[in-house]
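Asks: What follows is a single structure, and I will ask about it in a moment.
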């Protein structure tokens, strides 16, 4: 592990880490209890769980080989209580079967791009740093952001920007990208920032932060198929929970939080018609919500960790088993 990586791990403050542990800990008290950290990153959340829940072991999933290497070194002192797994988190059911016999006591998702990826100028995630337009969370597989910008037609670019970036100037930006690539390909983040700045009216650039923020978010989500992966992962994670197990999800924009809210609410609501005098067992809720709406970072957390500003945390507990539901077709992003 390089010195810069070691420094990054030491400085990285996981968001709402203690709150996550407090929510998960009641399910991790028995010997051999298993937590799946589905978004391992630099291992900050897992480290706190392993320190405060001495009977638990952690399966740490990440699609980024560099993050796995970094977290494995950080958590080496816990020995066999920590197992790194190179996978995408919609493979959580397979990971649970292979490493925990199918049922786990806790699942944690800390969604979005990690500090490691944001702070590495060479990955192309940050609009404030010039770098090749890559944006892949796993840099060993799949098309890059530059590939997407070169291959997608104007309508598809418009859809990506509007859907994943909630960008109201999506038509103007998509048209500008197509015009620019006819002259020269967009290969670097500075190329894309220049196009976005030229497409958005100056009056709109004076508010709302960096004008390319939403475009970069949209491309990152599209390149990594983040919402598709999350939509598959959430029901699989819930199905992998043993009764009494807990799931905690931290999301960082409304698109993620909407999916999380919907999936947890579905599990916490009866599926029976309202007029039935008795709710059949198979229609009874299988989750109990542990948070009232989405929790946010308080002033103390924000002062220590500004990246917590957009976090929305939701949690639930598995209260009964559910009939086996059909598994959506898996497609590796």
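Cβ from N, Cα, C; glycine included.
Summarising the annotation, Swiss-Prot assigns S-adenosyl-L-methionine binding site to 43, 44, 45, 62, 89, 110, 117 and lists sequence analysis as the type of evidence. Per Swiss-Prot, the feature region 'Disordered' maps to 312-333.
How buried are these features, and what lies next to them?
Replies: Around the Cβ of residue 45 (S-adenosyl-L-methionine binding site), the same chain contributes 14, 17, 20, 21, 37, 108, 110, each under 8 angstroms and 6 or more positions distant in sequence.
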Asks: Would you count the other C-beta atoms found within 10 angstroms of the C-beta of residue 62 (S-adenosyl-L-methionine binding site) for me?
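Replies: Cβ-Cβ neighbours of residue 62 (S-adenosyl-L-methionine binding site) within 10 Å number 29.
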Asks: Within 10 Å of each Cβ, count the other Cβ atoms and name the one among the binding-site residues 43, 44 with the highest count.
Replies: 43
Asks: Name, in the order they occur in the sequence, the residues of the same chain whose CB lies under 8 A from the CB of residue 89 (S-adenosyl-L-methionine binding site) and which sit 6 or more residues away.
Replies: 38, 39, 61, 63, 109, 229, 230, 233, 237
Asks: Measure from the Cβ of residue 110 (S-adenosyl-L-methionine binding site) and count the other Cβ atoms within 10 Å, all protein chains considered.
Replies: 24
